[in-house]
Each structure stands twice: as structure tokens, then as C-alpha cells.
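Listed features, source Swiss-Prot:
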ACT_SITE  Glu95  active site, proton acceptor
DOMAIN    101-345  domain 'Radical SAM core'
DISULFID  Cys108-Cys350  disulfide bond
BINDING   Cys115, Cys119, Cys122  [4Fe-4S] cluster binding site
BINDING   Gly176, Glu177, Ser208, Ser230, Leu231, His232, Asn307  S-adenosyl-L-methionine binding site
ACT_SITE  Cys350  active site, S-methylcysteine intermediate
Amino acid sequence: MASETIVNLLDLDAEGLVAYCGGLGEKAFRAKQLQRWIHQYNAADFDGMTDLAKSLREKLKGRAVIGTPDILSDHVSADGTRKWLINVGNGNAVETVFIPEETRGTLCVSSQAGCAVNCRFCSTGKQGFSRNLSTGEIVGQLRMAEFALRASLGRAPGPNGKAERVITNVVMMGMGEPLLNYSAVVPAMRLMLDDNAYGLSRRRVTLSTSGVVPMMDRLGAELPVALAVSLHAPNDALRDELVPLNKKHPLRELMAACQRYLKVAPRDFITFEYCMLDGVNDTEAHARELLALTRDVPCKFNLIPFNPFPESGLLRSKTEQIKRFAQVLIDAGVVTTIRKTRGDDIDAACGQLAGAVKDRTRLAERTGATKIIEVRAV
């Protein structure tokens, strides 16, 4: 008789957990109890789940686990930004970054090891695509970070109330293109939103995409969360060069998809992310082109100073030029922000994720890895 497959319960959203418990002959309410123990009380095993029948706990011990990330490093920046490097096997590592602010705490989560989109200004794409992360590996980043942060503040695990939660916002802006890992990302986000798990609102969970148009439509139909689009260019010729996916889904299609998404979105605008590249996409003429491109899409712009990496052949736009570019947008009435660099002293700034593993040989020896992927968020 073949051995039974061990299930990582972090891979199951509420519906999946109900089905799993049903397969064990248990009622649906047991799934809610399990979910609360795992996602609200940070249970590491089944013994402490005291409101579950002992018979169920014994069943679970032989059939299921509560997976936890294999943390390779944990660093805190001078500005409070915290970065975890997580081993996801076969020499691959991804990073999770927490950015504290006065009124909120934002967690940047990865969805893939590597990335196939290969944007010109993004180091992750230069490393190639390795694999999709599982639902458990994605939501596990939130679980790990939330309870690590609570522990550092002396807060005990428990149901998420406003006074308890440390992470108030999640952005799917780490390594990878989330919409190319849709089947794992959506269940993970369902758990982020579930009141029996993390209880975040749809306005506080943001998915960032480079423009996978068919999956944008599917997300809008199934789980419309806040949406950010990695735009980076005001015309197809330049975007074809910077974001090769544009050749498959050009700007006309992308803008139409944004309009469709806004009909169901929890926010009344799309956030367009725009990496500022010196002499490439940063002139006032480019800004005016952007205004024409997006005139029918309610939006805000987030201008991102480029964080250079070796062999990119690109430079960060000068600060004064970024301000001039922003002013063109602001003068037209478009809300525009310039992203503040956070965590750059621990290589956790935008574009630096997992980009500073200084001694690869020692890290590989420690993890049994043959390679380490450098991760950079766009």
C-alpha cells in the first residue's frame, strides 16, 4: 500500500481546508478551528490545539504538517525595515521585506523564485525563472513575518484586532510575476483576506503585475484586490524594450484591461509604477505622453528611482529630473508620489531584493545549494 501524501495545511485556503477535513470525516467547523490555530495563534503542531478532539489531532499528526519557512537570514535596517532571506530549495532563495511607517506596516511578498518576464531594469529576470512558489510558501511569508514582528514587540499570538496586528498592508511586489502563478497566489490572498486568518481588507492587499492581461480579467472576476501595474514607459516602442511582455499585451490592451478592472476594484484608481531611468524614460515629453496614454484610466503614479545593479547598463534618473517629471503629472491633476528608498543599507530597497548575498560559496555550503538566485523586485 502506497504511503499517504503529507499535506502542508498552509497550502489550503478556507474552502480547501473544509474539503480536507471532510475527507477525514470531520465537520466544516473543524476547518475554521484549524485555520484560527494556524493563522491567528501561530500553532507549530497539533498538540496544543486543545479545542480539537484528540482523535482528530492524532489523525492530523500522521497526515499533515504546518510548514514554516526556512529562514537563512534576518536583518533590520537603520530605518526599521526588516528583511528575511528564505530558502525555497534547490539553491533558490526569495526575500520578504517589512516596511514600517507611522500609521501602517507593509509587507512585500514574493510569488516566484526567479522571473520569466525579464524586464530590462530588473535583476531578477537576468537570473531566469526557477519555479512558482506554493500557496503555503506565499502566505507563509506573511505568517512568519507577522508573528516574528509581534514577538519582537512582546505581543502574543491571537485573533487579529487593530491593537494586535503589526502588518496592515501586503503588496505582492517581491520576486516574480504574481499573475503567472495565479493558482497559488489567489488562495494565498484569500487567506490574507479571511477573517479567520489575517483579516486584511481588499484595499490593503495590492497585487503588482507587469501586464498579464487575461489574468487581470480573471483576477477582477474572482478576487479583485487593489491593483498596481508596472508601466515604466509611455509608448509601445519603449515598453517593448523595457518590458518584453508588452509585445504580447501592448499598451492599448493593457489600458483597456485597467478600465475593465476598475469596474470591480476595491479602489477607484490603478497605481502605475514607473521606474525612473536616466535618459531612457524620464523626460518631460515622456511625462506628457503618459498623461495622454492614461487619460481614460483613473490612476496615480508611483515614481521609483532605479537602484542600479551590475551589467544593467542603466542609471538612476537625477533627483531634479525626477521632480520635474513628477511636476508635469501633478500639474495635470494626477496624484504622483516619488518612492522613498527604504532599507538600502541591508539591500532591501526596491530593486535590491536578495541582491547582496556577498559570499555565495559559504551560503551554498550552509544550505546545500548549488546556486543562489538574486532577487530584485520591480
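The backbone N, Cα and C atoms fix where each Cβ goes, and this holds for glycine too.
These figures come from a predicted structure and were not determined experimentally.
Overlay of Swiss-Prot feature records on the structure.
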residue : record                               : DSSP class
Glu95   : active site, proton acceptor         : strand
Cys108  : disulfide bond                       : strand
Cys115  : [4Fe-4S] cluster binding site        : coil
Cys122  : [4Fe-4S] cluster binding site        : coil
Glu177  : S-adenosyl-L-methionine binding site : coil
Ser230  : S-adenosyl-L-methionine binding site : strand
Asn307  : S-adenosyl-L-methionine binding site : coil
| Most crowded position, judged by CB atoms within 10 A, among Ser208, Ser230, Asn307 as binding-site residues | Ser230
| message | Give me the CA-CA distance between His232 (S-adenosyl-L-methionine binding site) and Cys119 ([4Fe-4S] cluster binding site), in Å, as a whole number. | response | 10
| request: Report, in whole Å, the straight Cα-to-Cα distance of the residue listed as 'active site, proton acceptor' from Ser230 (S-adenosyl-L-methionine binding site). | output: 20
| said: If you count CB neighbours within 10 Å, which one among the recorded positions Cys108, Cys119, Cys122, Leu231 has the smallest count? | reply: Cys119
| request: Look up Ser208 (S-adenosyl-L-methionine binding site) in the DSSP assignment and reduce it to helix, strand or coil. | output: strand
| message | I'm trying to understand the geometry here, so how far is the Cα atom of Cys108 (disulfide bond) from the Cα atom of the residue listed as 'active site, proton acceptor', in Å to the nearest whole number? | response | 9
| query | Taking every residue in the domain 'Radical SAM core' (101-345), what is their average pLDDT? | reply | 95
| Among the recorded positions listed here (Glu95, Cys115, Cys119, Cys122), which has the Cα closest to the Cα of Glu177 (S-adenosyl-L-methionine binding site)? | Cys115
| When the Cα of Leu231 (S-adenosyl-L-methionine binding site) is compared with the Cα of each of the recorded positions Glu95, Cys115, Cys119, Cys122, which one is closest? | Cys119
| note | Widest Cα pair spacing in Å over the listed S-adenosyl-L-methionine contacts Gly176, Glu177, Ser208, Ser230, Leu231, His232, Asn307 is 19
| message | Around Ser208 (S-adenosyl-L-methionine binding site), which of the listed recorded positions (Glu95, Cys115, Cys119, Cys122) come within 10 Å, judging by Cα atoms? | response | none
